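Feature annotations, reproduced from TrEMBL:
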type: COMPBIAS; residues: 214-223; note: compositional bias 'Low complexity'
type: DOMAIN; residues: 38-157; note: domain 'HD/PDEase'
type: REGION; residues: 192-223; note: region 'Disordered'
Amino acid sequence: MSFSTGSRAAQDVIAFLHTMGRLKDTARRGWVEHDIRSPESISDHMYRMSLMCMMCPDTTLNRDRMIKMALCHDTGESIIGDISPAMKVPKEVKRKQETQAIQDLCGLLSSSPSTTFATELRELFEEYEAQETAESHFVKDMDLLEMIVQAHGYESANPGKDLSSFFRSGAGIRHPWARAIFETLANTRPYSTSKTAEVEEEGRGDAQAVPSATTTTTTASNM
């Protein structure tokens, strides 16, 4: 199919971009559930995650791939919305919904010359979900760490606000660089119980569930 003004291929790209635009307007549910005013959007979250991947000092990792993965990992939420643990959606159901959403998004890009991007989008999503590569592990760490950075900011801006459930997700962070940042955040929280040991002790029982992007534990590890 040719790509020209008014062509079906051009219209499909526009449809895809409008769908992605929903991420800019969809608030992260975890913050909504904790009564945060004007909470960040899904797009906000992915943008800072991508910057954090750019900052990665580990030269053994493919930085460009991690940046792309961070940009793509929540794109399915443009269709299904942000599903938080509090919604108690079964892990298998959430995974199925996310996979179908990615398939639908790729379907919008089935027209040449967008098929290459559609394939890459699907591959990046699948790699992130599988959590079998060093790059996907780091991006997962950034998913958790970005959330904790945001929680730290919200606690600072809202005296007395206790977002400990988000900090407990830090038990799942593995990369040394990311852990150093997490521990610094945990030790500089404005909330009175903001100590790394306390946060990690409370979250220790949740550590096995945290690496999965579809966990339904009571911690706020995924929004």
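Each Cβ is built from the backbone N, Cα and C atoms, and glycine gets one as well.
When the domain 'HD/PDEase' (38-157) is classified with DSSP, helix, strand and coil residues number 88 helix, 1 strand, 31 coil. Computed over the domain 'HD/PDEase' (38-157), the whole-number mean pLDDT of the model equals 95.
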